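Per TrEMBL, the features are as follows:
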- 27-152: domain 'EamA' (DOMAIN)
- 186-323: domain 'EamA' (DOMAIN)
- 7-31: transmembrane segment (TRANSMEM)
- 43-63: transmembrane segment (TRANSMEM)
- 70-96: transmembrane segment (TRANSMEM)
- 102-122: transmembrane segment (TRANSMEM)
- 142-164: transmembrane segment (TRANSMEM)
- 184-204: transmembrane segment (TRANSMEM)
- 216-237: transmembrane segment (TRANSMEM)
- 249-269: transmembrane segment (TRANSMEM)
- 281-301: transmembrane segment (TRANSMEM)
- 307-325: transmembrane segment (TRANSMEM)
Amino acid sequence: MDMVGGCMWWGVLPFAAMVMVEFADVGISTISKAAMSRGMSTYVFVVYSNALATLLLLPCFIFQKKPVSLTLSLLSGFFLLGLIGSSSLILAYNGINYSSPTVASAMGNLIPIYTFVLAIIFRMEKLDLRRSSSQAKLLGTIVSVSGAFVVILYKGSAILLFKALSPSNFPPHQNLIITQHSKWIFGGLFLALSCLLAAIWNIVQASIVNNCPSKVTIVFFYTFFVTIQCTIFSLIVERNPNSWTLRPNIEMIAIVCSAVFGSVFRIGVHTWCLHQKGPIFVAMFRPLGVAIAAVMVVIFLGEALHLGSVIGSVIVAIGFYAMMWGQIKEKSIVMENEVHSLASSTQQTPLLQCRTSENI
């Protein structure tokens, strides 16, 4: 009985872990939005959160069981990974600052879509329109991109508002010349570009994993190079010295949460769930973040939930799941072909053995 209960718990654990990851992702977006609404610099936030994540990962990197031999090509790959990642992070947090964590969660569903399009462009994947799986992936791509345009271009009327807690009532950090509607569009475009860079980051990381299987080494050098690159960029862009001064309020909480839950916890859980259940299982939880973000934004930020975000998010989610169905269908076809080829080879083996014995 205990063994059955243990097996059931072990089966539920990846599900609970991925739900926690989605809550952590949306929570970080919400807290960072609140901190930036109070005047914290986006660039300084990215620098400090990645610097803290690097320090937290340093003992794991030093005391790992199988140290990795670092070559110039490997370090160059880490540098490129950091460059793509730092650009994606800066665009993402500027996008959240201009729009909303709900928009960020909706746009996050575009990452598999972008990855699929890039794989087609660089001929890493073939598109056979005679197959239902390829048709579903193509249709899902078109639907998701259409939903993204709805989120960006159509804000719509407010359908839900909770004014109990409202950091948005603080004076905005951005230039007042930019209208709210323009900020919303810019925020959506920044998030769309951030997701494109995230898709490129996934492809580059996959090639690096072939040469460096140690996830701890990859994550450590990624956060290390992001810290250096963002520091150089932030010193050029952020001219106000007071922006680098941290205050023991929500700014500090946002940085600590981003470092602990955004880097260490999130990447660790993702890696474990990928190993236990595979990439499709991990990807299936992405649309859940939109629902979580919608609730958190209304309650903790006091922002209105807009009709355009809801409609666009639903359209993006439909396209996302159509894309996932196409991938699952394609994998099942590949597995069936492998089983058939294996069965045919085992049936042919005795005949060959009989002929060999007859010749002897």
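All positions are counted from 1 along the displayed chain.
Each residue, glycine too, has its Cβ placed from N, Cα and C.
What TrEMBL says about a protein is an automatic prediction, not a curated fact.
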**Prompt:** Cβ under 8 Å to the transmembrane segment (249-269), counting only same-chain residues 6 or more beyond its ends: which ones?
**Reply:** 17-18, 20-21, 24-25, 27-28, 31-32, 34-35, 38, 40, 45, 48-50, 52-53, 56-57, 167, 215, 219, 223
**Prompt:** Taking residues 6+ outside the transmembrane segment (281-301), which of them lie with a CB under 8 Å of any CB in it?
**Reply:** 14, 18-19, 21-23, 25-27, 29-30, 33-34, 37, 100-102, 104-106, 108-109, 111-112, 160-162, 164-168, 270, 273-274, 309-310, 313, 316-317, 320-321, 324
**Message:** Six or more residues beyond either end and a Cβ under 8 Å away: which residues meet both conditions relative to the transmembrane segment (216-237)?
**Reply:** 41, 43-44, 46-47, 50-51, 53-54, 57-58, 60-61, 64, 68, 75, 78-79, 81-83, 85-86, 89-90, 205, 208-209, 263, 267
**Complete:** DSSP composition of the domain 'EamA' (27-152), residue counts helix/strand/coil, works out to 100 helix, 0 strand, 26 coil
**Asked** Where does the mean pLDDT land for the domain 'EamA' (27-152)?
**Response** 90
**Item:** Counts of helix, strand and coil residues, the domain 'EamA' (186-323), according to DSSP
**Value:** 117 helix, 2 strand, 19 coil
